[in-house]
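S.K.: Annotations for this protein, taken from Swiss-Prot, read as follows:
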DOMAIN    15-80  domain 'HMA 1'
BINDING   Cys26, Cys29  Cu cation 1 binding site
DOMAIN    82-148  domain 'HMA 2'
BINDING   Cys93, Cys96  Cu cation 2 binding site
TRANSMEM  174-194  transmembrane segment
TRANSMEM  210-230  transmembrane segment
TRANSMEM  248-268  transmembrane segment
TRANSMEM  271-291  transmembrane segment
TRANSMEM  430-450  transmembrane segment
TRANSMEM  458-478  transmembrane segment
ACT_SITE  Asp515  active site, 4-aspartylphosphate intermediate
TRANSMEM  541-561  transmembrane segment
TRANSMEM  569-589  transmembrane segment
BINDING   Asp714, Asp718  Mg(2+) binding site
TRANSMEM  727-747  transmembrane segment
TRANSMEM  773-793  transmembrane segment
TRANSMEM  795-815  transmembrane segment
Amino acid sequence: MTALKQTEKSTSLPMSFDFDIEGMTCASCVRRVEKAIAAVPGVASANVNLATERATVQFNGVPETTSVLRAVEKAGYAPRIVTEEIQIEGMTCASCVSRVEKALKAVPGVADASVNLATEKATVRLVSGSAEISALAAAVKGAGYGIRKATPAEAMKEDVDHRTAELRSLKSAVTISSLMTLPLFLLEMGSHFIPGVHDFIMGTIGMRNNLYLQFALATLVLFGPGLRFFRKGVPNLLRWTPDMNSLVVLGTTAAWGYSVVTTFVPAILPSGTANVYYEAAAVIVTLILVGRYLESRAKGRTSQAIKRLVGLQPKTAFVLHSGEFVETEITEVVTGDVIRIRPGEKIPVDGTVTDGSSYVDESMITGEPVPVQKATDSAVIGGTINKTGSITFKATKVGSDTLLAQIIRLVEAAQGSKLPIQALVDRVTAWFVPVVILAALLTFAAWYVLGPSPALSFALVNAVAVLIIACPCAMGLATPTSIMVGTGRAAELGILFRKGEALQSLRDADVVAVDKTGTLTKGRPELTDLVAAEGFEPDEVLCLVASLETLSEHPIAEAIVSAAKSRGIATVAVSAFEATPGFGVSGTVSGRRVLVGADRALVKNGIDITGFADEAERLGSGGKSPLYAAIDGRLAAIVAVSDPVKESTPQAIKSLHALGLKVAMVTGDNRRTAEAIAKKLGIDEVVAEVLPEGKVDAVRKLRQGGRSVAFIGDGINDAPALAEADVGIAVGTGTDIAIESADVVLMSGDLNGVAKALALSKATIRNIKQNLFWAFVYNISLVPVAAGVLYPVNGTLLSPIFAAAAMAMSSVFVLGNALRLKSFDPA
């Protein structure tokens, strides 16, 4: 993913700009950043994800990336700045340095660039996530110089380093805060747990010194470890855009400030209200810091799937140079390099085997546990593991072009997307924090006016509890964390969700429509029958038909040509070849006009096929696909091919039925053949004799009655139907997959992956609903309790300390629930 790219082929369509943001803590932050970005002229849309801490901005017209970054900073947040070191090739003088620096600084998202001629390195400071090496490389190449490509591991290392530093900082803050809060808590509340503590304090340091000591400890906690809340919360308050940090600041400052007045000028307070709440302020900060620490740890675990994918690629490869295999940095491997792989080693890049044979474990890519045999001309995938033999292969795709790199980009894109279910959360969080502040003010006023004596103390404590217990974080994390873990688990199972939205739409599917050839079947048909008409010799017909089919790319053509070769029948030259999709092929072979195709092709050309009606019925009833051959305008033969059903297909259909789905087969075969196959497999509906362009109409027909349709095909020939369906699922294997043609991609050819994807979709949406239910119920129920609605009933009041603990744990609960998807088992 480059920093700036067109979302479609047309240059008039919106451009996209991605970057990482620091400082967001809750759903209100997300709303605020999105609002700030959307206000920038030229911005078409802004999508900010709290879990990934990433923004995706689309522009209409000329992109104003600098204005977007300034808007984010003005809103109180910081685009994350990272440093990249890249090797520049071809520089010879200071002018080269200036030229390269200028080119790099022009890349959207680059804050600064410094180039060193002596080391031939460029140090680039850029907004994290906004520009990858590919974008920088394009700029340098445009200036006339070369650049060494980076690996995805480098970008991941930056993210890991950032999270490690954040965890270290939070751990330190929790430790310091706890060490100061514990004695403070004992000074104020110790007598409730340990008899004699109060008398001991009175007899040693006295009440006045006790208050001074509490003041000192609470102040150190608030403006030491707790300073992070003030740095973010106060500016947002001043901008009238409060967030969760603002709620913490208001609550703790109110408790601390009231206590300061009690300590130093108690005379100004009403009689009986001179109480201190230092321990509440300190414990609130400490508990929320603990929650942040646990939350940060959990967030790191949600992205482990991406880290594992990045970690699949080795750092070096043994490349053939001058007759010897030399260990080479992976960044220096180029297309065409010959690479040696020994048993147990990881395959570094995509390629084609040139020598040797082995079995390769591709489970980390396809989800299939059985090793795949590789021999000369076999394709190998970067990141997979060589098991037994030694092989040599030629690199065909390297760097960001490898299948592994594509998978990583797809998973990242899916994890950063928003589901339709998120819309409600966005609407609520837009006003959540301001409403909580208003609720706290109303709580204070109600208790001050209507509460028992001392009214001021009751008013303060309950208002602080309301401010502290409200948790927009849980609402903001509810959806994106489940998406992150769910799509990550899907990748481990060999399932790629190209769009996060497909997680929700797939769950709603009623009918699964399956293309027969290559999906239900192996896609490798075999010639089973050839019955010649009177006056024609079978071998003569096969020679003419096979010769014609050598120019066709259809799988059936390959079956006919292969059968001719196995019988020792040589093919001859063809002229005037013509292929009509859905009908057949025609041409001139040895001076004779030959036509091969479905019954409709011959009927269209006025050729009577009734002479083979009985044969056609027999072959079709056996699940074979009959074709006809005409020579010089006469019916010459009926040919039958059979495409074996995949071993996994029957179980896959049973699994889909078990999930409550109807299964429909869409095929170009005649109805008799299609129904025979459907009956054998237990398929519910059949749409037969469909031309390639008719698959879209077939999907529309299946959708009648308000049904949601998922269409499964090979992702290339079925592209229009995949696009028309509510969910398009492409089934492929390895590098043959057409990733861009569907919403969901199954990396293996096993149709059981569809049932796994559906089950995971249902589990993920269920997990999201659980999170949202918790987040909303938590806030709807506990905010009124914190305000004191139960006090008139049974005298219950919620301490600000318990409010802080509940708030801290609410986000951890959401993250913990989302992490359960890591162990999802579709079996």
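Glycine residues also receive a Cβ, built from the backbone N, Cα and C atoms like all the rest.
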S.K.: For Cys26 (Cu cation 1 binding site), what is the secondary structure state per DSSP, taken as helix, strand or coil?
M.R.: coil
S.K.: Mind checking which residues reach the transmembrane segment (271-291)? Cβ under 8 Å, same chain, six or more beyond either end.
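M.R.: Long-range Cβ neighbours of the transmembrane segment (271-291): 170, 173-174, 177-178, 180-181, 184-185, 187-189, 211, 214-215, 217-218, 221-222, 225-226, 229, 248, 251-253, 255-256, 258-259, 262-263, 453-457, 460-461, 464, 468, 799-801, 803-805, 807-809, 811-812.
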S.K.: Residue list, the transmembrane segment (210-230) vs rest of chain: Cβ under 8 Å, 6 or more residues beyond ends.
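M.R.: For the transmembrane segment (210-230), the list is 173-174, 176-177, 180-181, 183-184, 187-188, 201, 245, 248-249, 252-253, 256, 259-260, 262-263, 276, 278-279, 281-282, 285-286, 288-289.
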S.K.: Of these recorded positions, Asp515, Asp714, Asp718, which scores lowest on Cβ atoms within 10 Å?
M.R.: Asp714
S.K.: Six or more residues out from either end of the transmembrane segment (541-561), which same-chain residues have a Cβ under 8 Å from its Cβ atoms?
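M.R.: That would be 517-518, 523-527, 530, 532, 567, 569-574, 577, 579, 585-587, 589-590, 592, 594, 596, 625, 627, 629, 631, 636-637, 639, 641, 643.
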S.K.: Given the recorded positions Cys26, Cys29, Asp515, which lie close to Asp718 (Mg(2+) binding site), meaning Cα to Cα within 10 A?
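M.R.: Among Cys26, Cys29, Asp515, the ones whose Cα sits within 10 Å of that of Asp718 (Mg(2+) binding site) are Asp515.
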S.K.: Could you list the residues of the same chain, at least six apart in sequence, whose Cβ is under 8 A from the Cβ of Cys26 (Cu cation 1 binding site)?
M.R.: Leu50, Asp243, Met244, Thr429, Val433, Cys471, Pro472, Cys473, Met475, Gly476
S.K.: Restricting to the same chain and to residues at least six past its boundaries, which positions have a Cβ under 8 Å from a Cβ of the transmembrane segment (248-268)?
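M.R.: Same-chain contacts beyond the flanks: 211-212, 214-215, 218-219, 222, 226, 229-230, 233-234, 237, 274-278, 280-281, 284-285, 288, 437, 440, 460, 463-465, 467-468, 800.
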S.K.: According to DSSP, folded down to helix, strand and coil, what is Asp718 (Mg(2+) binding site)?
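M.R.: Looking at the DSSP assignment, Asp718 (Mg(2+) binding site) belongs to neither helix nor strand, so coil.
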S.K.: Near Cys29 (Cu cation 1 binding site), which residues of its chain come within a Cβ-Cβ distance under 8 Å, counting only those 6 or more away in sequence?
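M.R.: In sequence order, the residues whose Cβ lies under 8 Å from that of Cys29 (Cu cation 1 binding site) (at least 6 apart) are Gly23, Leu50, Tyr77, Asp243, Met244, Gly476.
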